[in-house]
Amino acid sequence: MIVCDNVTGTDAARYNVTSDCALFDFFIYTVASGSLCAFGLVGNAVSFTVLWRDRAGGGATSFLLRAMAVADSLVLVAAVPLYVLSPLALAQMPGASSTYIGIYYAAMPYLWPCYLIPYTGTIFLTVLVSLQRYFAVCRPYSSVGSCNKRQMRIHVAAIVVFAVVYNIPRFFEYTHFEYCVGLNQSRNAFGISAFGSNQTYRIVYTNVMYIVVMHGGPLLCLGFLNVKLIKALKERQRKRAEMGKGGYQQDITFVLIGVICVFMFCQTPTMVDHLLWTFVDDSLRQCGHWHYYYTAVGDFLGILNSSLNFVVYVLASRRFRQNLVSSCGGPYKPVALRMDERTQANAG
């Protein structure tokens, strides 16, 4: 406990959260984001199960989609203490015990990197599955042997290692401390550490590298791949319409286009928000100003991105819907593939 015998009120005002902002945080983080986390965890579990049981269509793409479901689930699990439970402690609400608040603020500096590790994995898995689909659809001959399930397992393992190593510095960015709110009264808080406030670190790691590695680079890559996949899908639809055929490859490509569109929609505001944190005045980040609310919306969209893939699968994939109904309605009955489609599925 710090000694609070000369309090001017500046410290208390610095961390004060008005009742309106506390209500806004409670709604968007605890209610809306909490509901998304619950829905997303159930949806990802169902997606993983359906994709796992779809043995006839199981291949590299199916494996990568299951890996994405795991990464998204870890993001949502980490988001619960970081975002969903945060209004209770940050606003120092009457229902929050002092023990809970103390534990929360002590853990808060470590919750952020624990969230960023699977978050990084989700980003790079989305890029990987898009690249795999691009080569399988647009360059099938050059991808033979390099886009099989064994190679994808190696790539996924490399992404896991990279996600952990890349985010190790995040564990030292923030620290827990106490501040005075009155005579012999203090509250818990967390703030940036000396390491995290180092100017070189802020410029190189938290700004340049974060934007290039975590957002700008992946978004540009996915934008390019999405255009190519859409063109390939239209061409394949035209050819199959002429031949009177449908296809598994068309189905899974359509799913990936949906996943990429959701990713770009949800992650672009987050990248913009990171830029705003670099250039916008600190006063606009305080409770009641527009950047305060924009950051909350960006956080919400990040959680939304990890919760919606199940919806994309249901809406975009006839095969997934059939296998889902089969899984829920009794003994597993895989949807049959024609011989040409089965060969393509095993390769892709």
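Glycine too: its Cβ is placed from the backbone N, Cα and C atoms.
The shown structure was predicted, so the numbers you read here are calculated from the model rather than taken from an experiment.
According to TrEMBL, the protein has these features:
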type: TRANSMEM; residues: 26-51; note: transmembrane segment
type: DOMAIN; residues: 43-313; note: domain 'G-protein coupled receptors family 1 profile'
type: TRANSMEM; residues: 63-90; note: transmembrane segment
type: TRANSMEM; residues: 110-131; note: transmembrane segment
type: TRANSMEM; residues: 152-169; note: transmembrane segment
type: TRANSMEM; residues: 208-230; note: transmembrane segment
type: TRANSMEM; residues: 251-272; note: transmembrane segment
type: TRANSMEM; residues: 292-316; note: transmembrane segment
Next item on the list: May I ask for the residues of the chain that lie six or more residues beyond the transmembrane segment (26-51) and have a Cβ under 8 Å from a Cβ within it?
Entry: 58, 62, 65-66, 69-70, 72-73, 76-77, 79-80, 83-88, 91, 296-297, 299-300, 303-304, 306-311, 313, 320, 323-324, 327
Note to self: Let me spell it out: take the transmembrane segment (292-316), skip the flanking residues so only those 6+ beyond its ends count, and list any with a Cβ under 8 Å from a Cβ in it.
What the structure shows: 21, 24-25, 28-29, 32-33, 36-37, 39-40, 43-44, 46-47, 50, 65, 68-69, 71-73, 75-76, 79, 83, 119, 122, 251, 254-255, 257-259, 262-263, 265-267, 269-270, 272-273, 276-277, 284-286, 324
Next item on the list: Using a Cβ cut-off of under 8 Å, list the residues of the same chain at least 6 residues beyond the transmembrane segment (152-169) that approach it.
Entry: 60, 63-64, 67, 113, 116-118, 120-121, 124-125, 128, 132, 195, 201, 205, 213
Next item on the list: With a Cβ cut-off under 8 Å, give me the same-chain residues at least six positions beyond the ends of the transmembrane segment (110-131) that come close to it.
Entry: 61, 64-65, 67-68, 71-72, 74-75, 78-79, 81-82, 152, 155-156, 159-160, 162-164, 166-168, 170-171, 173-174, 214-215, 218, 221-222, 225-226, 229, 256, 259-260, 263, 267, 302, 305-306
